[in-house]
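Now, the feature entries from TrEMBL:
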COILED    167-198  coiled coil
COMPBIAS  307-322  compositional bias 'Polar residues'
COMPBIAS  323-339  compositional bias 'Low complexity'
COMPBIAS  362-375  compositional bias 'Polar residues'
COMPBIAS  383-395  compositional bias 'Polar residues'
DOMAIN    1-262  domain 'F-BAR'
DOMAIN    405-465  domain 'SH3'
REGION    293-404  region 'Disordered'
Amino acid sequence: VGNYKRTVKRIDDGHRLCNDLMNCIHERARIEKVYAQQLTEWAKRWKQLVEKGPQYGTVERAWCAFMSEAEKVSELHLEVKSSLMNEDFEKIKNWQKEAFHKQMMGGFKETKEAEDGFRKAQKPWAKKLKEVEASKKAYHAACKEEKLAISRETNSKADPALNPEQLKKLQDKVERSKQDVLKTKEKYEKSLKELDNATPQYMENMEQVFEQCQQFEEKRLRFFREVLLEVQKHLDLSNVASYKNIYRELEQNIKIADAVEDLRWFRANQGPGMSMNWPQFEEWSADLNRTLSRREKKKASDGVTLTGINQTGDQASQPNKHSSSLSVQSNTVQSVQSSYNPFEDEDDTGSTVSEKEDNKIKNVSSYEKNQSYPTDWSDEESNNPFSSTDANGDTNPFDEDTSPAMEVRVRALYDYEGQEQDELSFKAGDELTKMENEDEQGWCKGRLDNGQVGLYPANYVEPIQ
């Protein structure tokens, strides 16, 4: 009696398992999203570094093919994330809503129906079972009393102090107890027989309710199997034709790389095969040949344009590369990467912050493929046009001039773990001092209360009112 509660509890467990499966799919979707974001950031950063680096020709294009592969795979994983959330997650959510109906007083309608069905089917049999238990208890008590009366009578026969009248009472007691035993035994057997007669109907009624619960659970199990198969199809990129094409194309791009072709191109454009610009007699002109000192070049007005002198005249430039002229506006530094996160969703609470080097211009080599080399070969000057003391010493002439800002107290909105030695680490709720305003890449300079100074993402803090 009452063991049907395990079957009834399975209905509530089915509702909870729907929530668990939705949470499971949601976590996997977030992983797909983060992976896609990291692939895109990696591809964007390294594509720029390779294009600016010294690698050239077909090998460069083969190298860049890896970045194209990452971008395409990123798109596929975003599609996986979208399928998991928009199709599988929503399908489970809708099925759960249709299968389980909440009641005003709590619990589910399906649970109450199963509970009432089992209780109704069990009530008559449980009543007869109670009668059996009561008759059994009475029978066992009569047996005990009979045994005790017989024992007293036996002991009294050996006691000479008892008179015949007392002995007669003990014998009568034994006789009555035997009759009680017979009566209770008969009643016990009768109640057992009635219980046995009611058992088939009881089992039939209980099984009928149980089968209804089985059918409800079967729907859930079959639905889960169906959803899991759909999730498997969405996750299995090996059967996606475009996924196979990505790596087929990547292999072809790598095999196209030709060392002989790259050497031929370099000889024709950067070596003996390049067009020459031999010195020729030139008339003096005050307007055309005015020479600027480095100090004059460095002076800032609205903007400064530094133009590298082409050493070899009409030198053929490599296709799709930067020119050797670099224009720098005062108070402006063009960031290579935008701080905009293309995968940011309003419904996601966490956001992945790319590493600081993703937002800053970096070189993978000591020089860029298209940097200009000075024509002046005098021993009085070094080959680096920006290494003199007139050009700010060892500083980068393209760095933005930043004036110290007024220090402001700010509070961290989220946890942040520094990725580099010059970055700060803090927890949500920590307070620190902002020393410089946000730069073009979205970073601020600040100081922790322990005196540590470093960089941190500007959108991770808010001013303290």
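Heads up, the Cβ atoms here are built off N, Cα and C, so glycines get one too.
In TrEMBL, annotation is done automatically, which means it is predicted and not curated.
Among residues of the same chain six or more beyond the coiled coil (167-198), those with a C-beta under 8 A of the stretch's C-beta atoms are 124-125, 128-129, 131-132, 134-136, 138-139, 141-143, 145-146, 148-150, 152-153, 156-157. For the domain 'SH3' (405-465), the model gives a mean pLDDT of 89.
Helix, strand and coil residue tallies for the domain 'SH3' (405-465), in that order: 3 helix, 27 strand, 31 coil [DSSP].
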